[in-house]
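K.L.:
Below is one structure. I have some questions about it.
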Amino acid sequence: MGVGEKKESQKVAIITGASSGIGLECALMLLDQGYKVYALSRHATLCVALNHALCESVDIDVSDSNALKEVFSNISAKEKYCDVLINSAGYGVFGSVEDTPIEEVKKQFSVNFFALCEVVQFCLPLLKNKPHSKIFNLSSIAGRVSMLFLGHYSASKHALEAYSDALRLELKPFNVQVCLIEPGPVKSNWEKTAFSVENFESEDSLYALEVNAAKSFYSGVYQNALSPKAVAQKIVFLSMSQKIKARYLIGLKTQLLLALYQILPSSWYDSLFRLIVLKRKRDA
């Protein structure tokens, strides 16, 4: 087999948020499958697990437009196509809608939504060059059901859901598939970032007691959360499948929550959700 033939047979994946959690697990599994992986993350080169002959680690803040443009220019100089794009970069802002500073809201959307849009724009020329290429956007159950005191995170994921649906429609003529991955809680750095920081609410905030009760509840939920590996296995399996669905809800409890949201009247659901999340406050 000639060098050119080998190059054409090499599958290529680009992954954001690749140094931890779901992104890292996807990178490792695709490397095991023989993919050439471009691992993009703020600290990708510091991740020892990514030291692999087929992996090129790139340190980047995906919300930096100029850096992102340069990275994809370099990738495009080496690759003619991309088989799989996995958008896994993201984080959560926890707090009440009223008390969360607007600067934090803008940062939330910058990473979770606007940066992803730019990644897709830069990657599409490569994706269009490969039949049956796929884009996996990491959403959340919060993209379908807004969570108490995770309003801005939920809003960023709702935006991602609408964007992905539109993108899927637009890319159909180019044979580029778009898939939303909607897991429930996943054990990763996400909960550490969201729940370990000081609350935006002051002690005299009207939301302080409920915010602390919700934080305690969510932290407990993450003790029995899905593993990043379980979610990554689903993504990698789908990346090698010919046909995929528009979205995949991952986790039985997640499916139950969405079912309740869709079946119950909004007032009933709201009361039930608050009762469950704030139960520890009432017990105190």
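In case you wondered, yes, glycine gets a Cβ from its N, Cα and C as well.
Straight out of Swiss-Prot:
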type	residues	note
BINDING	10-36	NAD(+) binding site
BINDING	S140	substrate binding site
ACT_SITE	Y153	active site, proton acceptor
K.L.:
Here the binding-site residues are Q10, S140; which one has the lowest number of other Cβ atoms no more than 10 Å from its Cβ?
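P.N.:
Checked Q10, S140; of these binding-site residues, fewest Cβ neighbours within 10 Å: Q10.
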K.L.:
Check G34 (NAD(+) binding site) against DSSP and tell me helix, strand or coil, would you?
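P.N.:
Reduced to three states, the DSSP call for G34 (NAD(+) binding site) is coil.
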K.L.:
Cα-Cα separation of L30 (NAD(+) binding site) and the residue listed as 'active site, proton acceptor', in Å?
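P.N.:
Cα-Cα distance, L30 (NAD(+) binding site) to the residue listed as 'active site, proton acceptor': 28 Å.
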K.L.:
Which ones in the same chain are close to G34 (NAD(+) binding site), with CB under 8 Å and 6+ residues apart in sequence?
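P.N.:
Counting only residues 6 or more apart in sequence, the Cβ neighbours of G34 (NAD(+) binding site) under 8 Å are Q10, K11, L54.
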K.L.:
When you measure from the Cβ of I14 (NAD(+) binding site), how many other Cβ atoms are you left with inside 10 Å?
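P.N.:
Excluding its own Cβ, I14 (NAD(+) binding site) sees 28 Cβ atoms within 10 Å.
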K.L.:
Tell me the coarse DSSP state (helix, strand, coil) of I14 (NAD(+) binding site).
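P.N.:
Going by the DSSP assignment, I14 (NAD(+) binding site) falls within a strand, counted as strand.
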K.L.:
So how many other Cβ atoms are close to I22 (NAD(+) binding site), meaning within 10 Å of its Cβ?
P.N.:
29
K.L.:
Which three-state DSSP class does C26 (NAD(+) binding site) fall into?
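P.N.:
Its secondary structure by DSSP: helix.
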